[in-house]
Amino acid sequence: NAIFVPRPERKRREVMQIANTTMSSRSRNTTVLDTYNITDPEELETEYPFFESRVDNKERTVISNLRPFTLYRIDIHSCNHEAEKLGCSASNFVFARTMPAEGADDIPGPVTWEPRPENSIFLKWPEPENPNGLILMYEIKYGSQVEDQRECVSRQEYRKYGGAKLNRLNPGNYTARIQATSLSGNGSWTDPVFFYVQAKTTYENFIHLMIALPIAVLLIVGGLVIMLYVFHRKRNSSRLGNGVLYASVNPEYFSAADVYVPDEWEVAREKITMSRELGQGSFGMVYEGVAKGVVKDEPETRVAIKTVNEAASMRERIEFLNEASVMKEFNCHHVVRLLGVVSQGQPTLVIMELMTRGDLKSYLRSLRPEMENNPVLAPPSLSKMIQMAGEIADGMAYLNANKFVHRDLAARNCMVAEDFTVKIGDFGMTRDIYETDYYRKGGKGLLPVRWMSPESLKDGVFTTHSDVWSFGVVLWEIATLAEQPYQGLSNEQVLRFVMEGGLLDKPDNCPDMLFELMRMCWQYNPKMRPSFLEIISSVKDEMEAGFREVSFYYSEENKPPEPEELDLEPENMESVPLDPSASSASLPLPDRHSGHKAENGPGPGVLVLRASFDERQPYAHMNGGRKNERALPLPQSSTC
């Protein structure tokens, strides 16, 4: 329990006097190493030098006039008389503590007291002048004629106030004695000091009562008002779904059946069979099962069955059915399909298309080489990444064409089918599963800040342009096998970083073609981002043959316009990946190789006119680029 403070550099000096004389003359500057000195700032500020003494022709000596119960370090050198300084051996040292001195811990002077208001007094006493090591605390024993009480006062508290205050004393006569406690033990008790605590007058008691009574009445009334308000809120919440009012024919008998009207999507409960749990959804458990007659020309179909928790409020049950009603409007191969609803009876069920490989986030993480459950699947190639991106963009293009803004596009909300097709998942299903991906800003609802665009973070505006930004983050998740975006930043730091124009870094081993597509989606100006149809147009040549047969992009419902032919000289043309449009006014994508084809880029067939560097916008960092960087050419969008 000792600490050694290294001595400063010094020159050896000869001290011809005997050790006793040296120590007595400088006794207060001796090296002292108390076990508790590290807790006292004043002790740490004092530096104790070493003192030297020569002992001739002896193997023992006595050092006197040392401080009591104090730890010393003693160094011994063996020296040759003729060699003087150069003939000394290396030092051998020992630590030794002196014996405690009797009476050193006694408080030397008288104890005094001062009256203080509110039935309290202040005791003062002097410190022991040369205690045994270090004073640790003081103990006060005080009391009236009935019984004694004890109060402990630390050394730090004593040095701060110069004494101690005794509070909450009853009126009457008291005696008090004080004892110091050092490293070696307890000192003697002081002589008793007598003091008197006066009783409050009747007038003072009346004043205190007049002040306390109105305050107590106000607190009681305020508490009752708060209790009634909370009780009223809870009663309305349990009856009407967290305070949201819904029109009903008979409010006294309000249920989900009064709000949701069965239609052609209604499925008889006896046609549904549950087999096993798939996981927890935002409203309740999701099961795998079999449904009869929900798909044309299929007697039985494997389906996913969503349920509502038994403890769910009426509001949650209605939101559950409303989500199913939204899904009724969608009929796209790259959007998870609704197959039916069971609204009659309990629990309410929603029948969805079964996506056997789960959500895209979990699927991507299962492809990591270090995963134990990796079924010997290699990480996705560039062509597979582009295939995933095209399928997600096709589903989002369909939603955009139907005037639907997703607002929560992320890998966790995309689902993977048995044949590895990626589809836009049923909306809101994964909110509880990946709770850490969301952030509650300013007491509002949970927000997926790491996937949100700058305008959504600033103004709460969600459009198809903000969905395109989120699509770029999904591409980043695909390239990193579902790493968390903006690793190392808290949600609050991500808010500031994105709103100030910050972007995700290029993932390791990410193909240039995929990263350039991400940068297109991360233009700071929303109108400068490509549409989902433009994104599909830029990657359509890389898609598998089956994409043309099932996609919304090639369907009659979309009917994309024929691209205009460009009458340009071949020497003025170059192949640039992911060109967002076929207009002659298009600008090329940012390319770190000065206009050369990006690595792993698409084949020939996508041609644009290259703009010179001087023609590019000088303030590109305001539209998604970074400061102190080569100006970022901005792709032209048909939405401008």
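In case you wondered, yes, glycine gets a Cβ from its N, Cα and C as well.
What Swiss-Prot lists as ATP binding site is Leu278, Gly279, Gln280, Gly281, Ser282, Phe283, Gly284, Met285, Val286, Lys306, and the listing cites sequence analysis. The secondary structure of Gly284 (ATP binding site), as reduced to three states from DSSP, is coil rather than helix or strand.
Residues annotated as compositional bias 'Basic and acidic residues' in Swiss-Prot: 590-599.
Annotated domain 'Fibronectin type-III 1' per Swiss-Prot: 5-101, in sequence order.
Taken from Swiss-Prot, the feature domain 'Fibronectin type-III 2' applies to 107-200.
The annotation domain 'Protein kinase' is assigned in Swiss-Prot to 272-547.
With a 10 A radius on its CB, Ser551 (phosphoserine) counts 23 other CB atoms from all the protein chains. For the recorded site, Ser551 (phosphoserine), the DSSP three-state label reads coil. Residues or ranges marked as phosphoserine in Swiss-Prot: Ser551 (among others).
The local packing around Ser555 (phosphoserine), expressed as other Cβ atoms within 10 Å of its Cβ over all shown chains, amounts to 16. The phosphoserine annotation in Swiss-Prot covers Ser555 (among others), and the record cites similarity to another entry as its basis.
The motif 'IRS1- and SHC1-binding' annotation in Swiss-Prot covers 250-253.
What Swiss-Prot lists as topological domain 'Extracellular' is 14-208.
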Alpha-carbon spacing, Leu278 (ATP binding site) to Ser551 (phosphoserine), which is rounded to whole Å: 28
Summary of DSSP states over the domain 'Fibronectin type-III 2' (107-200), given as helix, strand and coil counts: 7 helix, 48 strand, 39 coil
Cα-to-Cα gap, Ser551 (phosphoserine) vs Gln280 (ATP binding site), nearest whole Å: 30
Separation of alpha carbons, Ser555 (phosphoserine) and Gln280 (ATP binding site) (Å): 35
